[in-house]
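One structure is given here, and the rest of the page talks about it.
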Amino acid sequence: SHADCNCLTWTISILALAVVYTVIQYRKSSKIKAHYAARTKVALRERDQSIEWARKETMLVSEDERKKIEAMDFRQLRDALQAGDVTAESVLQVYCGLAVKSHEKTNCITKIIKEALSDARELDQKAKDHSYKKPPLFGIPLSVKEQIELAGHRNTWGLAKQIDNIPKEDSYQVMKLREEGMIPFCQTNIPVTCMTYTCNNSIYGTSTNPHNSRRTCGGSSGGEGALLGSGGSICGLGSDLGGSVRIPAAYCGCCAFKPSPTRCSTAQIPFAIPMRPIITLTEGPMAQDSYAIVEMMRAMWSDTYISNKDPLTVPIDFREELFKEGKKFRIGYYDTDGYIDPLPGNRRVVREAVDLLKSKGHDLVPFSLGDIAAESCRGVFAIALADGGAKVLDRLKNEPLARMMMPLKLVLYVPMIFGKVAGWIMKLYGDSPTADFFMCPSKNASDVQAGIDKIYDCRKNLCQKMKENDIDLLLCPTTLSPAPPHSLPTTTPMTAMHSTMIWNAMDFPAGVVTTGSWTEKDETELESYPAHGILERALKKRCKNSVGLPLSVQIVAPSFRDELVLRVMVDLHEAMKERGDAV
Ligand SMILES: *[C@@H]1O[C@H](CO)[C@@H](O)[C@H](O)[C@H]1NC(C)=O
Ligand SMILES: *[C@@H]1O[C@H](CO)[C@@H](O)[C@H](O)[C@H]1NC(C)=O
């Protein structure tokens with residue numbers, strides 16, 4: 001009949017249209033992916049050429065000179081450069097060689113910056129003039145996380161779609177460090193979107209842990225951690241939104257510092273997730289030792305340079321009166337926050353650090369966070385996906401993702417109702433942290449506001465509790481475990497980051513110092529670790545055989561007391577030296 005005929009025509013037309021649409025979409029996305037693949041080849045070729053160049057440059061330094069420079073720690077290097085015992089040029093050449101060695105081991109470098117050599121020569125030339133006053137960090141090479149703006153160099157965040165994003169100017173923090181004499185000499189690897197704590201992207205591949213290649217170097221400043229943990233740099237600049245300088249430092253065995261967020265500029269950061277401004281991505285130093293961290297922060301805050309560039313930055317100079325040596329502080333400590341228990345070794349190093357800091361005259365008292373860890377974590381999850389993950393999904397659209405990184409995207413595609421159901425099931429099983437991860441994402445603006453209020457309440461309660469107990473700082477675990485296998489971070493709930501993320505939520509400055517490593521005894525004690533939830537079970541099972549992997553502690557103080565944290569980091573280092581550690 002006429003009606004049947006009409007219906008059939010319609011069906012065929014719609015089907016045909018759907019096929020055409022699918023083909024067009026497929027071709028469009030194939031075209032984009034082919035374009036990315038071609039550009040990736042170019043980026044890799046540039047990286048490899050820069051590494052070849054660095055290999056040749058490093059050969060130009062004499063064996064004796066090289067050995068002399070390699071043996072220097074941060075302060076020795078700084079003093080030698082100030083005194084003119086070594087030139088900025090030869091230091092740079094030596095560090096080019098060390099960085100290449102680290103890269104061969106861990107795949108941590110995205111580019112060596114050739115211009116660094118002319119920067120070094122220019123400094124040496126200036127130094128020949130006797131009226132020239134050397135800046136405090138004269139000639140010290142600086143490695144920089146690829147996500148931080150460097151004029152003229154790729155700034156991809158591990159995203160193929162950003163592969164041709166070349167900033168026109170340096171980040172203000174980098175500008176200031178240049179003013180102070182530092183020379184950015186290489187860029188280091190990051191995970192795609194910089195939103196996880198493992199280190200894989202489709203452009204530069206995976207960076208590995210220098211102490212065990214089957215383990216991750218952490219993230220998102222993962223390349224920085226791998227480079228510093230294997231001696232390829234003496235200090236670097238990373239950034240931290242939920243632990244991104246502290247986690248790689250903890251996994252790879254170096255130091256890191258996340259400043260009070262508003263004391264650094266974030267004006268140039270193009271990518272905000274809904275957590276901003278409650279939680280702000282903050283640039284922060286990573287280094288072989290605490291002394292380097294202090295000198296970088298002292299230089300960064302030596303005047304109002306950064307706040308002049310960006311008036312939204314709080315103009316506070318480095319407060320020497322807070323940092324002064326010999327001050328005794330009252331430090332509260334805990335080896336578990338009561339929300340998720342760290343593995344045995346990660347708790348042990350906190351108890352050891354208590355003794356180390358007592359030996360420096362500080363007063364250490366047990367401290368309990370109460371429900372602040374859990375509540376702040378819930379608050380963060382409530383705001384992190386306030387846009388339903390739209391921003392992150394937009395970034396991941398058409399991105400070639402390694403299988404390991406897929407969960408990052410999949411979790412955002414699952415309708416929220418499934419999350420809620422999964423959450424209820426987890427709750428029934430008594431796995432409260434995993435339940436929080438699934439259930440806390442917000443449905444509407446009221447939920448988001450409730451999350452923000454939760455975080456503000458936690459801030460207020462914590463500050464009050466510290467005041468009531470007369471406590472200046474806190475000492476606590478950095479991470480729940482030593483470096484886990486590469487795929488653990490993307491396949492377990494992000495609750496794993498709560499032990500660092502809490503200090504982003506609280507807006508507290510936080511420092512990390514590596515104080516030891518995982519022992520045979522920790523390995524034995526791991527067997528009796530009570531693994532309650534999904535995350536704990538994964539950690540217990542997959543972090544076995546960790547003997548020798550670095551362990552660290554975290555030191556935090558209320559907002560704008562950055563100098564207190566730096567003081568205690570240095571005291572911890574001093575105490576370790578007195579204990580006889582080679583630090
Ligand atoms: C990391 O990413 C690269 C490029 O997409 C991929 O080839 C590689 O297998 C990934 N590594 C891991 C450990 O998944
Ligand atoms: C927002 O969503 C929550 C459930 O997540 C609901 O209880 C609440 O009534 C909603 N508020 C508004 C204003 O729609």
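Cβ atoms here come from the backbone N, Cα and C positions, even for glycine.
Copied from TrEMBL, the annotated features are:
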- K145: active site, charge relay system (ACT_SITE)
- S220: active site, charge relay system (ACT_SITE)
- S244: active site, acyl-ester intermediate (ACT_SITE)
- 91-566: domain 'Amidase' (DOMAIN)
- 6-24: transmembrane segment (TRANSMEM)
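Calculated from their C-alpha atoms, the gap between S244 (active site, acyl-ester intermediate) and S220 (active site, charge relay system) amounts to 5 Å. K145 (active site, charge relay system) sits 9 Å from S220 (active site, charge relay system), counting Cα to Cα. Just so you know, the Cβ of K145 (active site, charge relay system) picks up 31 other Cβ atoms within 10 Å once every protein chain is counted.
Within the same chain, the residues at least 6 positions away from S220 (active site, charge relay system) whose Cβ sits under 8 Å from its Cβ are K145, Q147, I190, P191, C194, M195, T196, Y197, C199, G238, S239, L241, S244, P248, listed in sequence order. Every protein chain shown contributes to the tally, and the Cβ of S244 (active site, acyl-ester intermediate) ends up with 36 other Cβ atoms within 10 Å. S244 (active site, acyl-ester intermediate) carries neither a helix nor a strand DSSP state and counts as coil.
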